[in-house]
Structure formats: C-alpha cells, structure tokens
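What TrEMBL says about this one:
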TRANSMEM  B:27-44  transmembrane segment
TRANSMEM  B:50-69  transmembrane segment
TRANSMEM  B:76-95  transmembrane segment
TRANSMEM  B:101-123  transmembrane segment
TRANSMEM  B:130-148  transmembrane segment
TRANSMEM  B:183-200  transmembrane segment
TRANSMEM  B:237-259  transmembrane segment
TRANSMEM  B:271-296  transmembrane segment
TRANSMEM  B:316-335  transmembrane segment
Amino acid sequence: MPEQFLFAMEVILNGLMAGVLYALVALGFVLIFKASGIFNYAQGVMALFAALTLVGIMDGQIPFSHIINAIFGTELHHFGWHVPALLAIILTAGVMVVFAWLVQRYIFRHLVNQEPIILFMATIGLAYFLEGVGDLMWGSDIKKLDVGLPQGINDWIDVTTFEAFGYGFFIDNLDISATIVAVFLVAALIMFSQYTKQGRALRAVADDHQAALSVGISLNFIWVLVWSIAGFVALVAGIMWGAKSGVQFSLSLIALKALPVLMLGGFTSIPGAIVGGLIIGVGEKLFEFLIGPMVGGATENWFAYVLALLFLVFRPQGLFGEKIIERV
Amino acid sequence: MFYRESGDFSTTYSEDSQTFPIKFDRYRYYLVLAVAFLVVPFFINDYWANAVFVPFLIYATAAIGLNILTGYCGQVSLGTGAFMAVGAYAVYKLMTAFPEVSMLIHVPLAGLVTAGVVTIFGLPSLRIKGFYLAVATLAAQFFLVWLFNKVPWFYNYSASGQISSPERSVFGIIVTGPNTEAWAKYMICLIFVTLAALIARNLTRGSVGRKWMAIRDMDIAAEIIGVNPMMAKLTAFAVSGFFIGIAGALFFSVYLGAAEVGESFGIDKSFLVLFMVIIGGLGSIFGSFAGAAFMVLLPVFLKNVFVGMLGWPTDLAAHLQFIVSGGLIIVFLILEPHGLAQLWRVAKEKLRLWPFPH
C-alpha cells in the first residue's frame, strides 16, 4: 500500500479517538439542552472544574488556601495526605452534585420561562464565575492528572500493523481507554434513561415540560438530576482531557469545540453528539494532514467551526436534529 | 422634584421627536459633552488616560456596535474580538501604506473594511439563528485570528508577527505612537465615540432601527408585515461592523500601540464586549456607555482594593475579577435583564415624583 494512504489511515484513527473526547463533552450539552432547553455554555468549564477538583482532592490540597493565606497571612497549602483515585472520583462526583443543586436553586429557578438566549448568556456568566472559583479554590497552575489510566503508545497495535503493512500505527493507550470509557458511559446513560423510573421521568420532561408536570414529575428534581449527570459526564471528559494534556485553562477552550460538534449532530440527539464528534475529530485531523501544510498549519483551531457553519447553511437543524418548524 | 419636566411644552413635531425631548435631559447632555470636550482634556494625565478614559471610550464604541447587532437586531455575536482585529489590521495596513493621510480618514476607512468583512460573516444569519448563529460567529472569531497570524502580508512581514502603530498625526498633533500626549489620545477617541453614538442613536430611532427591532422581536412576523429580513439583518451586521472596526482601529493604534492578534483580540475580548452590552442594557445606547464604564472600572477598582489596600497578590485579584464579573452577569440577568440603562430609567421615574410615592 502507498505510504501516504497509511499515514492518512493513522490520522483518521487518531481523529476518531479525538472525536470521542469531543463527543463526551457534547453529550453533557445535549443532556441539559434536552431536559431544560438551556444551552449550557459552561459545560467545558464544568469539565475543567471537575478535573481541578479531582486533582485537588487526590493531592490533598486545601481548597481556597491561596485566599486564606492572603487574608490571614498563613502558609497553608496541603493536608499532607493522598486520596486514592477511585475515592477521589466519588468525592468529586459529590461536589458536582452539590454544584448542580446550587446552579438549579440559585440561578435557573429564577430564570424559568426566560428566553433561551437569556439562559445562554446566563451560562456564559456561570462559566466565568466557575472558572474564577476553580482557580481561587485550587490555584491556576497547570496540574498533572494521573488516575492510573494506561498511557503512551500501544505496542500491540504498533507491532501488528507493522507486520501487516510494514508501518506501525501510533495510537495512544489513553485514547483507547477513553473510547472504552465513552462507550460504557453512553451505554449506561441509555440504560438509565430507558429502564429506570428517574430516567423515564427525565425523558418525559425532555418531551414536554407541562405534561410531565401534570402527571406529577418534579421538574426541580429532574433539573438537578440532569445537571448532576451533566456534571458527571463533565468529570469523565475532564479526566480524559486532563490525563491527555494536563489540567489547565485551555481545557475549557478545547471543550468549546463541542459546540460545532453539536451543530453538526443537532442539539437534541445523543447519537448526533457522538457521530458529530467523530466527524469533527476525523475531519480536522485529516484537513490538517492534507491541506494544513499548504496554508501554514494550525487549522485545527477553526476547521470545526467553519465546517459546522457551512453545514448549517444547508441543513439548519443538524444531522439528527428535530425539524425546525416556525410559526408566528 | 429633582427631575423636572413641568412647563416643558413642545410646540413643533421636531421638538417633540428629538433625542432628548425633556429640557432637563437636554441640558444635562450638553453639560456632559462640554465637560468631556472642554474640561477633561486639560486635567487628564497618563494614568487616567490609559487606565480609564481611553479604554472606556474605545470599548463604548465597540459596545455600541455590538448593541446594534445584539440589542437592536437580536443577532448574538461572539466574534467581536476578531471583528475588532479586522479594524486594527485594516488601519495598520492603511497607516503604513498612506503615511501622509490623516487618522481622521484612516479610522473610518478601517471601519468600512470591517463592515464589509462582518457583512460576509453575517450572511449565514439569513439561514440560521439563535445559538446556531452564536456558534457560527465563533467560526469568524477563530478563523480570522488564525488568518491574521498566518498570512504575513497582514503584519507587513515583520519578524515578530506583531503589528505596531507608527507615529501619525491629525492636523499636526501626534495621535498614535509612543510620543502621544494623554489628551491627544483622549480627544481622538472622544471624537469618534461621540460621532458613533450620534449616528447610532439616530439610526436606531429611524426606519432602519425599527426594522431591526421588528426582526429582533419576531423575525417571521416582521417579514409578514413587510420588513425585508435580508436587508435588515445585513445592515445591522454592516453598521455594527463599522463601529466595531473603528473601536478595533483605535484600540490598536491609539491605546495599545503594538498588538499580537491572539492576545489582544482573542475570544475573551468578544465576551468582554458582550458582558458590557448585557450589563449596560441590551438595546440602549446609554447602556453601552454604562456597561463599558462598568467593565473598565471593575478591574481597576478590584485591583485598587485587593492589591492596593489589602496587599493581596495580583493573580488573586484576577481570579476574583472572573468571579465578580461572571456573578454580576447572572445577577443582572435575574434581577434586571435590561441592565444599568433600566436602573437609570427607574431612577429617573423615582426622581420625577420624589418625595411622593405616586
């Protein structure tokens, strides 16, 4: 086989893996959008915040130590213990539930029935707020996140492809585990929404708020639930991105890429989020590989957005979105 | 009591429909203009010009631009930073290509260039709306920043990839470059912001502005009563781009002096201007000024309090700034969705009747 083709194959595979991570963030958006009609811009920052909290808990950092030191002149920084990864993840999930409750109770309960664009702007405010809180709580330096996921090149794929094609593919173990985790997460989400009482209630709310309310489903509870789930999805995405490129501010910018993913897939469709993520992941890697060198590289920054933009002009509701019907 | 309108009768239609129909408002407006043009320039020093007045005036221009698009026409844009960059690079190319031409011509020309670019990026708004459009403008944000970084023609093949503004003058007075006097910086920004506000105010209360508002309130209904949505949306994009381009041109040439596109015109700039518009008040020219003043003064205030008075490290103040501005956005959206401009209106109502409750 020609060498260019093999390179392209490898690029596509890596793109698929990156796409899985985009899809993970996009999933959180879709969940909240379906259940409450809120387009949650803060999803990326939630992933950052969850990852920061996880690192902080694992390292036994004292929250807000920076500001406490500034006020009282103390020298606090660490408790001096290390929490095992699994326990830390559970604790962080707890933090995200509390966060979900706070957001629901103090922000969106007051904004019920507002226009969608107002809600969107409120989530931009929330993103800024949460980013500040995250930095204040845990410090803004770049942190390493290691929850024991395998890292580095996958030797088996390298050797097998080398034997088959004479060229070893470079696939990161972390990307493979991210894919597996994502598959499990989606499966769990589908099981949850199909087979549990709360999951059914959630789907009912997504379908029609008022009808759900009239059969006795508590909207408040469902909204807290869905924000908690989105927080948990954000945590998973944060772990994956954090393990890949360190926990830092750029995490929330990467997560912005979930927006074009959503536009491709449609705001209301979980399969759409996944397919859209894969298309964007493969598309931007392939574009960078094929066209990038001709125009000076770094096309990954904008390719996803421009692709989504062009796509939208022809199909405004996305690949799997519900048909938009407008009435006066 | 303090806010009198009794005895103030309009005897002609033009008197009745002027911008400030109430005498008190009108005199207050003239007073503000007089102070801004005749008093401040004589007392301004470098610190006040660079920390407060110049950024305030420039951001106010940008906020007026975004307010026309988002507040009056209802099209949310997250590309303001990149659109300002278009103005900055346009003025840079003009300044270096035609050194002898006055800045008073270059800056509006840069505005026109930006208007053209923004209109092109506004074309998708004919098909998509709401969040979709917001994300589509993100495409403009990332694509334009990348373009200015990658094509050396835009930064005149300079080694650093930066653009830096050469010394240019208006009527013999230096207004750009490192040797500019504080009052000259202030005056050129003031002239442009005053013109921008005047034009914007008169556009928004004329037929164009009414069409924008009709599109904002409900685009399909507007179409049915005879508003051409294409013209209305594209004019909003063009006018908004014109003001944002002027703001970008001044921001680079007068305020910064040297700029690197990713740093000076990144996505955080887009959000900053959007926040100004929300906090100030969507669909209000006064709100653009109020929001710009608020968001410019907030970091100065926080820095003075936390770093200057309490002696905290600067990065802590920066984090708190994030929290405060994010929190304020939420608080404003919950308590007063129409922003500072609405508070001002309420205050006027109260002052009219004071000390009586009704």
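Including glycine, each Cβ sits where the backbone N, Cα and C put it.
Please treat TrEMBL annotations as automatic predictions, because they have not gone through curation.
Keep in mind that what you see is a predicted model, and the values were worked out from it rather than measured.
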**Asked** Are there 3 or more C-beta pairs under 8 Å linking the transmembrane segment (B:130-148) with the transmembrane segment (B:76-95), counting only pairs at least 6 apart in sequence?
**Response** yes
**Message:** Could you check whether the transmembrane segment (B:183-200) and the transmembrane segment (B:316-335) come into contact, where contact means at least 3 Cβ pairs under 8 Å with the two residues of each pair 6 or more apart in sequence?
**Reply:** no
**Outside the transmembrane segment (B:237-259), six or more residues from its ends: residues with CB under 8 Å to it** = 50, 54-55, 57-59, 61-62, 64-66, 68-69, 73, 75, 77, 80, 83-92, 95, 103, 106-108, 110-119, 121-122, 125, 162-165, 168, 175-178, 180, 185, 188-189, 192, 196, 200, 203, 208, 265
**Message:** With Cβ-Cβ distances below 8 Å as the criterion, list the same-chain residues six or more beyond the ends of the transmembrane segment (B:130-148) that contact it, or say none.
**Reply:** 75-79, 81-83, 85-86, 89, 117, 121, 124, 154-155, 261-262, 265-267, 270
**Residue numbers, six or more beyond the limits of the transmembrane segment (B:50-69), whose CB comes under 8 Å of its CB atoms** = 40, 44, 75, 77, 80, 84, 182, 185-186, 189-190, 192-193, 196-197, 200, 203-204, 212, 236-237, 239-248, 250-251, 254-255, 272-274, 276-277, 280, 282-285, 287-289, 291-293, 295-297, 300
**For the transmembrane segment (B:316-335), distant same-chain residues with Cβ under 8 A (at least six beyond the ends)** = 275, 278-279, 295, 298-299, 302-303, 306-307
